[in-house]
Amino acid sequence: MMDIDSDGRLAHRLVDLADGIALRHFRNGPRSHRKADGSPVSEADLAVERAMLEVLAAERPGDAVLSEECGAAPAAGGDAQPARRWILDPIDGTIPFLAGERAWGTHVALEVDGALRTVVLSRPTEGRRWWARSGAGAYASTSAQPLSTDRRLRMRQEAVALRSARLGGFLFPDSPATRVPAGTTWVDAPVCLIADLLEGRVDAAVDEGGHVWDRAPAALLVREAGGHVDDLSGGRRLDAPWLVYARRGLAAELTDRLRTQVL
């Protein structure tokens, strides 16, 4: 079992709280409306966000927050550029959540001095979560006992050719990313694409146009599990137009090919 610090325990408590609220709404048929950008938001998204923000305001008043629904919230102490920032996606996957499907959950990440420190990603319908701490590895566990049922994740390292790889994607319709060599298989993930990558069921995931709160847990999980994260511009920016997560034996070929096709 991994030793975990107070921030890690708080991240798990936030996800415990979020999972409980979201599951109650999910079972009762959540109501929703459209945001200004046309995307849906459910009453569960808002309830989960409120609950998590209340906990953070009470227990980490000096920390800033970035959340999908409320945007950026400064630290209560008024620090314009606090060293610590919590990144929240109350319900990642609102569309499948509203459709009664399983591919949704909560994302929590803590960033310190611009670097990801602790992350948790959950899928409450499965009773599962995946979490990581910088320098201490990535883990999978049950939701009920995350700190006593943890299993360390280590992504496969051996080489695989792109033409025979299994890829998943968070892509726009007609995305140029799909123009990869014949033989490459694009797969759908019924529950969680990043979990499928971490567990070896897919070889890479390509994210087009994702938000920081979508990407933060995946970025640290993949790195701590021994995988590669690349924004196709020489870095790992969470706000870049593209972000690629891959096993190391595929990363170089995939990122080189994508650079020629999408940039």
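Cβ from N, Cα, C; glycine included.
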Site co-member for Mg(2+) according to TrEMBL, given Asp89, Ile91, Asp92, Asp214, out of Glu68, Glu69, Glu111, Glu199: Glu68
Centre the Cβ atoms of Glu68, Asp89, Ile91, Asp92, Asp214, go out 8 Å, and tell me which other residues of that chain have a Cβ in range of the Mg(2+) site. Leu88, Pro90, Gly93, Thr94, Thr106, His107, His211, Trp213
Looking only at Asp89, Asp214, which of these binding-site residues has the biggest number of Cβ atoms within 10 Å around its Cβ? Asp89
If H, G and I count as helix, E and B as strand, and all else as coil, what does DSSP give for Ile91 (Mg(2+) binding site)? strand
